[in-house]
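Here's what Swiss-Prot has on this protein:
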CARBOHYD  N88  N-linked glycosylation site
CARBOHYD  N89  N-linked glycosylation site
CARBOHYD  N96  N-linked glycosylation site
CARBOHYD  N136  N-linked glycosylation site
CARBOHYD  N292  N-linked glycosylation site
CARBOHYD  N480  N-linked glycosylation site
CARBOHYD  N530  N-linked glycosylation site
SIGNAL    1-19  signal peptide
TOPO_DOM  20-568  topological domain 'Extracellular'
TOPO_DOM  590-604  topological domain 'Cytoplasmic'
TOPO_DOM  626-640  topological domain 'Extracellular'
TOPO_DOM  662-681  topological domain 'Cytoplasmic'
TOPO_DOM  703-725  topological domain 'Extracellular'
TOPO_DOM  747-762  topological domain 'Cytoplasmic'
TOPO_DOM  784-789  topological domain 'Extracellular'
TOPO_DOM  811-842  topological domain 'Cytoplasmic'
TRANSMEM  569-589  transmembrane segment
TRANSMEM  605-625  transmembrane segment
TRANSMEM  641-661  transmembrane segment
TRANSMEM  682-702  transmembrane segment
TRANSMEM  726-746  transmembrane segment
TRANSMEM  763-783  transmembrane segment
TRANSMEM  790-810  transmembrane segment
Amino acid sequence: MLFWAAHLLLSLQLAVAYCWAFSCQRTESSPGFSLPGDFLLAGLFSLHADCLQVRHRPLVTSCDRSDSFNGHGYHLFQAMRFTVEEINNSTALLPNITLGYELYDVCSESSNVYATLRVLAQQGTGHLEMQRDLRNHSSKVVALIGPDNTDHAVTTAALLSPFLMPLVSYEASSVILSGKRKFPSFLRTIPSDKYQVEVIVRLLQSFGWVWISLVGSYGDYGQLGVQALEELATPRGICVAFKNVVPLSAQAGDPRMQRMMLRLARARTTVVVVFSNRHLDGVFFRSVVLANLTGKVWIASEDWAISTNIPNVSGIQGIGTVLGVAIQQRQVPGLKEFEESYVQAVMGAPRTCPEGSWCGTNQLCRECHAFTTWNMPELGAFSMSAAYNVYEAVYAVAHGLHQLLGCTSGTCARGPVHPWQLLQQIYKVNFLLHKKTVAFDDKGDPLGYYDIIAWDWNGPEWTFEVIGSASLSPVHLDINKTKIQWHGKNNQVPVSVCTRDCLEGHHRLVMGSHHCCFECMPCEAGTFLNTSELHTCQPCGTEEWAPEGSSACFSRTVEFLGWHEPISLVLLAANTLLLLLLIGTAGLFAWRLHTPVVRSAGGRLCFLMLGSLVAGSCSLYSFFGKPTVPACLLRQPLFSLGFAIFLSCLTIRSFQLVIIFKFSTKVPTFYHTWAQNHGAGIFVIVSSTVHLFLCLTWLAMWTPRPTREYQRFPHLVILECTEVNSVGFLVAFAHNILLSISTFVCSYLGKELPENYNEAKCVTFSLLLHFVSWIAFFTMSSIYQGSYLPAVNVLAGLATLSGGFSGYFLPKCYVILCRPELNNTEHFQASIQDYTRRCGTT
């Protein structure tokens, strides 16, 4: 398939060549376009600019027009001549071998195709012949240098590819030419646009420009460059508000350019990237000046960044700031002097073709004969950089030929050289040229660097300043931003955004199709904005919190009722005092156990009551400090059980007094049965056992455990136990309420008992304090769930225990210690007799 495709291509080439043959021969030419040698190199240079017009016939354009001379191409033309002469004069490179050349002016696509076919012509002939094996093709040149732009290079590379003839371009930078399947013989000494596009995007990012316009020139260079820029910039957060291509035949101010300027103005972008060749760029910027598009930042691609074409546009100084990417500045030593000597040598009219020789079309430069040392084209920085690329390209071919001919021994072998053999060697070259390494990767691309430049209008004439550099593989920018003179006030960096950045903690809500246009919304509480994802708020971790509109999460404060907090110290002191009073009362009652006061209070039953209050008091210590499993298991159940035992004893004590004084004579059988069967003890045991069963069920089914509570307060972690408001807790509490009511009823029935046995008021006070304390606790727990809730629980428990102690035991302690005269049998008998008389009178 490839064989027939190659033959089809050759047939087409032959046909075109024959169609042009009769119109291509010249009778005169300029000296310097050809040089005989052992091996010939071809060079394609644009000594004249093409006339941009539509052609209807495939005729070769005559480049030698008086109004189209291209000084830049002239310098590159001279650079190749100079380099070949320098190599021929060298004894280290290609000794005993002389290089020659054939140079062509390729001002148009047709002249470029013609020159390429001339290069492919068989050695010793002026035409191509059909061949079965292209590997044996022997053309009169072994390699080709050029051409100067992507469009021409694509054509030339496609024609040379079947023959594998090396094509080393000095200015064609399009990434499409790196494809080795289509262009296996293409190499270049200018970096690929792949890197240029990366450098431009990095340049935009370094200044925070995310809202841009893209303009390209018609053709592969501009259109592919704009496409690559958009594809690379969009994933990096840069939005393209406007994109267009300058038409091939456009003129400044024509309707098409006016529409483009209008759309560019409406895009409201401060930064415009112009990826264009220097020829169409002039049309674009003349239109920019006519439309008065000022105050912008223009980013230049390397083809026009330091070209003198654009600065010569009238009014260009007012368009704004121009930054650009340029090939690294290098000098070709001796080139300027070489051009001056050439001018002196060719001064005069073109020569006539020698009889019998072939002078190819577009090997003529009439302007070159009119130059003097005073009016010759100025060799500026732009042309010098490109000339160095030509210099490097010729040296790369020479080194490849040096290796192929085995010249390392001091002499070179002579014999036929096929282009494909030379191509293999050129890929392998690796040498130093004026301290710069020359080598190619597997795609034929060189090692290289870019300069970052800024235009400077401070002086009387246009200049540019190198403000930074860009290294490749990987791409790295180094920019001195202080060197840039911005067009805005106070030399401030212009801003180019659709929407200004949101405040910290505000995420972007995209509006429309461009992600650079958005509204700013605050992040909700508990979320934060991560700088790596500006469109979505991220939730904080479990142990973290964030207020509304936050850019970071903060660690939650862990809170619990600590031992050393002021409120804890107060409660601990009060509870310890109560505990000491309970123990002291137990000791006092043991000392005065057989006195009437202790016996009337219940005798030995008082120790059970005091012990239950001590258990409840001890349980309150487990509310302080970090909750632990033992503390959670003991604190509420132990308190509840202790107070239940106390209430059971208090209830049965009140009930016994009522039976003794009111029902012993009325219902003697019940009284004797109750007394003989130890009814009081049975009741206390049964009641306590029931409550113990409830507590065990509570612990088994709703086991209190330490937990970290995150929901109540966004910025806090509350360490607590899970027993609060659990079903087990409420059931146990309900049992205590039932006992409290029973105690109140029994004490109320005994309100008319003898004074020393009438405890209705004291018991009522104790129970009232109990009810009020726990009502206050449940009310507080329903509205407050903070770290001080255990303190409220302790306070409620302390009030309950204090109420029980002060209501029942404290009056008796007072009598024992302060009124011993009332603690005797006679006083109690008198009180009973008084009660009997009152009952008898009623």
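Easy rule for this one: first residue shown is 1, then count along the chain.
Quick reminder: no glycine exception, Cβ is built from N, Cα and C everywhere.
Here the features listed in Swiss-Prot are painted onto the structure.
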residue	record	CB count, 10 Å
N88	N-linked glycosylation site	17
N89	N-linked glycosylation site	8
N96	N-linked glycosylation site	12
N136	N-linked glycosylation site	10
N292	N-linked glycosylation site	12
N480	N-linked glycosylation site	13
N530	N-linked glycosylation site	15
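Inclusion criterion for the glycosylation sites N88, N136, N292, N480, N530: a C-alpha placed within 10 angstroms of the C-alpha of N96 (N-linked glycosylation site); this criterion is met by N88. When each of 569-589, 605-625, 641-661, 763-783 is scored by its Cβ pairs under 8 Å to the transmembrane segment (790-810), the top-ranked stretch turns out to be 763-783. Within the chain, the topological domain 'Extracellular' (784-789) has long-range Cβ neighbours (under 8 A, six or more residues past its boundaries) at 559-561, 567, 709, 712-713, 716, 718-720, 724.
Between the C-alpha atoms of N88 (N-linked glycosylation site) and N136 (N-linked glycosylation site), the distance comes to 27 Å. Taking Cα separation as the measure, N89 (N-linked glycosylation site) is nearest to N136 of the glycosylation sites N136, N292, N530. Across 569-589, 641-661, 726-746, stretch 641-661 shows the highest tally of CB pairs under 8 A with the transmembrane segment (605-625). Note on the topological domain 'Cytoplasmic' (590-604): mean pLDDT across this stretch is 83.
For N292 (N-linked glycosylation site), the nearest of the glycosylation sites N136, N480, N530 in terms of C-alpha separation is N480.
A gap of 30 Å separates the Cα atoms of N480 (N-linked glycosylation site) and N530 (N-linked glycosylation site). A gap of 64 Å separates the Cα atoms of N530 (N-linked glycosylation site) and N136 (N-linked glycosylation site). N136 (N-linked glycosylation site) carries a helical DSSP state (H, G or I).
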